[in-house]
Amino acid sequence: MLTVQELVDDNADNIPFNWIAGHGAAERNIRDDGMAAADLVGHLNLIHPSRIQVFGQEELAYYSRFDLRRRTHHMDELLIGGVPAILLADGLSPPQDLIDQCDQHQVPLLSTPVAAAQLIDLLRIYLGKKLAPTTTVHGVFMDVLGLGVLITGESGLGKSELALELISRGHGLVADDAVEFSRIAPGMIEGHCPPLLQNMLEVRGLGLLDIRTIFGETSVRRKMRLKLIVHLVRATAQDKFERLPLQDITQDMLGMPVRKVMLQVAAGRNLAVLVEAAVRNTILKLRGIDTLGEFMERQAMAILQSSK
């Protein structure tokens, strides 16, 4: 759960806040209740009292048109409705009755010189990331040819060795072992590394490797958007892999389907080359190029011509 104080501290560089009233409510929670980030903050709206209310010049002018009795009535309804905080944009100064009511109801009242529209945009982006659904996945997250690739598989299959080979070929490491994913938008999943494991890769027999120190600054990435999952499996006689799958394999991640390829681990197989090929093929599919579909059309055309 996010508090008002955390919001103020996290945005101190971009949004300088001045705390005016409601100092005792610094730990007041900003409840999302499954709402989108766009619904959590906006211009003054009495119909939606549970969101962060922003006063710009127009809102304050509208508020000031009412007499004290009506202002008190409307603000009481708003403050009782569970508003997390009231923000005054454009460097505006609040009327004394608004300060008194925020102190009375212990609701944070803050001001900032940032323009109202810009303030709302910045906070929506921040809240969208901060309150996004998250999960932690065991695997190695890489930047391969500009695509976010999650390498998964049971322990001992060589995920870290494969990552090391990809790094040596010029690709980048995002996270090893524990990858934190957040769904920051309806069709966008972003992955990053926990601070404790930043730049580290654990390889059996070698221990922990500081990839940034060994390979340089360009060998690591802060975050990437997940586009492909490469799942490693042991090659056994019992396994029967479909050589030409007609349907793309996907895996659900935070309620969103993500493309998935399965690679068998066997002696003599160059997995790094296979991963690169899988990424290139995924890029083609994202551009609307379906190699298998084109082959099947070509095959159907050949059969049709041979039957004449």
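Keep in mind that glycine also has a Cβ here, set from the backbone N, Cα and C atoms.
Taken straight from Swiss-Prot:
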ACT_SITE  His138  active site
BINDING   Gly153, Glu154, Ser155, Gly156, Leu157, Gly158, Lys159, Ser160  ATP binding site
ACT_SITE  Lys159  active site
BINDING   Ser160, Glu202  Mg(2+) binding site
ACT_SITE  Asp177  active site, proton acceptor
ACT_SITE  Arg243  active site
REGION    264-269  region 'Important for the catalytic mechanism of dephosphorylation'
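Locations of recorded Swiss-Prot features on the structure.
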residue	record	contacts (Cβ under 8 Å, 6+ apart)
His138	active site	Thr152, Asp177, Ala178, Val179
Gly153	ATP binding site	Gly139, Lys159, His231, Leu232, Val233, Val265
Glu154	ATP binding site	Leu232, Arg234
Ser155	ATP binding site	none
Leu157	ATP binding site	Leu232, Val233, Arg234, Val265
Gly158	ATP binding site	Leu232, Val265, Leu271
Ser160	ATP binding site	Val140, Asp176, Leu201, Glu202, Val203, Arg204
Arg243	active site	none
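Under DSSP, His138 (active site) is assigned to a strand (E or B) in the three-state scheme. Residues Gly153, Glu154, Ser155, Gly156, Leu157, Gly158, Lys159, Ser160 make up the record's ATP site, and a Cβ search at 8 Å around their centroid adds Leu232, Val265 from the same chain.
Secondary structure of the region 'Important for the catalytic mechanism of dephosphorylation' (264-269) per DSSP (helix as H, G, I; strand as E, B; remaining residues coil): 0 helix, 2 strand, 4 coil.
For the region 'Important for the catalytic mechanism of dephosphorylation' (264-269), the predicted model reports an average pLDDT of 84. With the fewest other Cβ atoms inside 10 Å of its Cβ, the least crowded of the recorded positions Asp177, Glu202 in this structure is Glu202. Sequence-distant neighbours of Gly156 (ATP binding site): residues of the same chain at least 6 apart with a C-beta under 8 Å from its C-beta are Arg204.
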